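Over in Swiss-Prot, the protein carries these features:
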type	residues	note
ACT_SITE	CYS191	active site, acyl-thioester intermediate
BINDING	ARG88, GLY89, GLY90, ASP91, ILE92, THR93, TYR94, HIS95, ALA160, LEU161, GLY162, GLY173, PHE174, ALA175	substrate binding site
DOMAIN	43-231	domain 'BPL/LPL catalytic'
SITE	LYS157	site 'Lowers pKa of active site Cys'
Amino acid sequence: MNKTIQLQDLGHKDYKATWDYQEQLFQNVLDIKIQNRREERQDQTPNYFLFVEHPHVYTLGKSGDLSNLLLSEKQLEAKGATFYKINRGGDITYHGPGQIVGYPILDLENFFTDIHKYLRLLEEAIILTLAEYNITGTRSEGETGVWLGVGTPFARKICALGVRASRWVTMHGFALNANADLGYFDNIIPCGIKGKAVTSLNVELGVEKVNEEEVKEKILKHFTQLFDCTVI
């Protein structure tokens, strides 16, 4: 089993170009697995972790409802945003500047074969990261992602999750609002859940801007501990 993960920080990158790159890495891992089974080989499969920040974009999961996007094509254009229907789970979400997006492309057979556990560990990495800023992140029953103030009238989402998996290989991942412009969430019903607010790290801390590189380091630290892996 290969528990080494190749880290790549893609910086500010177009959503479609990043999606294509994810698909390329995802397919590479799948091809090795298929070839191993076909030829009774035991070649190691690679694992990747991509950090990226996207320009303004809305994405809709495969089971999502398009009516949760509250903008017409012209309005999208006026806001300088794009839209894609994609092959992850979940409904609609927003990505943009000031948001930390992580795409782990893992062969879970290197770790454990349990998608539910995988999602919970992604959430846990974010919850532990928030705790370092004295913010209490929690899960909300029946809803993926990381929330604040669950069980109160002020429940709000700070991190969205949506993944795809095939033959235990994962892609897509999480989006943590660090310094995101929350106004862009007004144009959707986030994750298809009505009446729930969104928030960001800088808003919760009452500061103009948080250090995103520092946040990424903390996420990675907790991710490697939870998955018992090494990042190169």
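Each Cβ is built from the backbone N, Cα and C atoms, and glycine gets one as well.
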Averaged pLDDT score, the domain 'BPL/LPL catalytic' (43-231): 94
Candidates TYR94, PHE174: member of the binding-site residues with the richest Cβ shell (10 Å): TYR94
For ARG88 (substrate binding site), the three-state class that DSSP assigns: coil
Cα distance (Å, whole number) from LYS157 (site 'Lowers pKa of active site Cys') to ARG88 (substrate binding site): 19
LYS157 (site 'Lowers pKa of active site Cys') as reference: those binding-site residues from GLY90, ILE92, TYR94, PHE174 with C-alpha within 10 Å of it: none
ILE92 (substrate binding site) CB neighbourhood, other CB atoms within 10 A: 25
Least Cβ-crowded entry, counting other Cβ within 10 Å, from the recorded positions listed as ARG88, LYS157: ARG88
Greatest inter-residue Cα distance in Å for the substrate-binding set ARG88, GLY89, GLY90, ASP91, ILE92, THR93, TYR94, HIS95, ALA160, LEU161, GLY162, GLY173, PHE174, ALA175: 16
